[in-house]
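Data first, discussion second: the structure below is written as structure tokens.
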Amino acid sequence: MAAIKPEEISHSPMDQLQGLEYCIDSNPSWVETIILGFQHYILALGTAVMIPSFLVPSMGGSDDDKVRVVQTLLFVEGINTLVQTLFGTRLPTVIGGSYAFMVPIVSIIRDPSLAMIEDPHLRFLSTMRAVQGALIVASSIQIILGFSQIWAICSRFFSPLGMVPVITLVGFGLFDRGFPLVGTCVEIGIPMLILFVVFSQYLKNFQTRQVPILERFALLITTTVIWAYAHLLTASGAYKHRPDVTQHSCRTDRANLISSAPWIKIPYPLEWGAPTFDAGHSFGMMAAVLVSLIESTGAFKAASRLASATPPPAHVLSRGIGWQGIGILLNGLFGTLTGSTVSVENVGLLGSNRIGSRRVIQVSAGFMIFFSMLGKFGALFASIPFPIFAAIYCVLFGLVASVGLSFLQFTNMNSMRNLFIVGVSLFLGLSIPEYFREYTIRTLHGPAHTKAGWFNDFLNTIFYSSPTVALIIAVFLDNTLDYKDSAKDRGMPWWAKFRTFKADSRNEEFYSLPFNLNRFFPPS
């Protein structure tokens, strides 16, 4: 038997991910672009509906209030996505609502001065204004860190090895949004999961007019089929005598969004009234803004790979964080009941359908703005049951996590140092937030439970986030443990050429500002 050559059992590291049909600056036909953009819009609806559906009732809000918050959130998401793809990192990323803000917002809802208000609608408005004020103040963190290029300086301490746990847990850290929600309605969720995998993977070579329609539009086709199936189950009375929890998860008419939505409604700033400001609320919200910054950093790195681009230079990454801070400011001004972060599920969809085009995401932003103003039509799509979205998340979150693992190709995984750092940061990045979650469910408050509410919110928010815990541990270990003699093992020689804008000629193609704005804002 002939000796096996080394190149036959190993694969050379690749700066850009291969196998995509369209990369960041190439575009499908306009018809395909519009359909693909609508597909990203449908996917973004899951988080946009889920967050207000959880928070608004606990604030005393009605179904009408919930619909207005969903519309406002989608409207601001559309604006933020357009701004990010035009002037931020310019990566094909949807900027959506963030679960990182749940802890400080729930703390505001439970504030005795607000909870004691007897009139439900007045309590809702007062709580909304308090959340708005906290978001407006906290947004300054990302605005300052981003536009001052402080975050670019901080990113000098990042290496491919240190980023692996962060990007990986951007996907894996959302495991509780996956199968646990599928399990709330298995007759819808499991068929959706199976059908989506079959269409997007096993039937991906099926073509019509040389277009792989089942792979490219798998999300849209499977969602339509399972949604129709769910509607048939609802109409046939299959859930009439089932528990309320099952009915809420499975029925297509339980959200009360369509009946409550106005035909036309244009969101505008301060429509809930003048924001109120409280130092404790704002400080707690700042922790969520920091978590959002870290999670978005990991998601930007994943999006660059799935768009077949090079990693964003530090200057570009910091610029994107600055514009995301502006987005959180808009969240506060409009009253969306959450802040902004990169939508992880939409990043995963770039890899699932192998379309990394920036224009597709910009079209999806147009759909968000358009349907947020046409209330009834937007509410129709927003009535898709949550288990359908959860089934899709099972695939897309996993795909983003695997992109994080792909950065290991630039490191030496025969090094015990590297194995220790990756293993410990991944394990603790999952284990510590899980402890905080279980503790909160058991005691109805986080492990940090002192008389200083702002301090509690800050710590509980930070350690509730898997990517944030992973970054703290991985970056600390990577920069303190035998770091002087391990630059090559950490992947720094490969990473160095992407640190500055002018170090690689491809950066200009991927990340230059439009309308020749680089003349006025020269990259560093």
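Note that Cβ sites are derived from N, Cα and C of the backbone, with glycine treated the same way.
Nobody curates TrEMBL annotations by hand; they come from automatic prediction.
Given the structure is predicted, the values throughout are model-derived calculations rather than measurements.
Taken from TrEMBL as is:
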- 38-57: transmembrane segment (TRANSMEM)
- 93-109: transmembrane segment (TRANSMEM)
- 130-151: transmembrane segment (TRANSMEM)
- 182-202: transmembrane segment (TRANSMEM)
- 217-239: transmembrane segment (TRANSMEM)
- 360-382: transmembrane segment (TRANSMEM)
- 388-407: transmembrane segment (TRANSMEM)
- 419-436: transmembrane segment (TRANSMEM)
- 462-481: transmembrane segment (TRANSMEM)
Stretch contact, the transmembrane segment (388-407) with the transmembrane segment (217-239), Cβ-Cβ under 8 Å, 3+ pairs: yes
Under an 8 Å Cβ to Cβ limit, what residues of the same chain, 6 or more beyond the ends of the transmembrane segment (419-436), are close to it? 161-162, 164-165, 168-169, 172-173, 408, 413, 446-447, 460, 463-467, 469-470, 473-474, 477-478, 481
Considering pairs 6 or more residues apart, do the transmembrane segment (38-57) and the transmembrane segment (360-382) have at least three CB pairs under 8 Å? yes
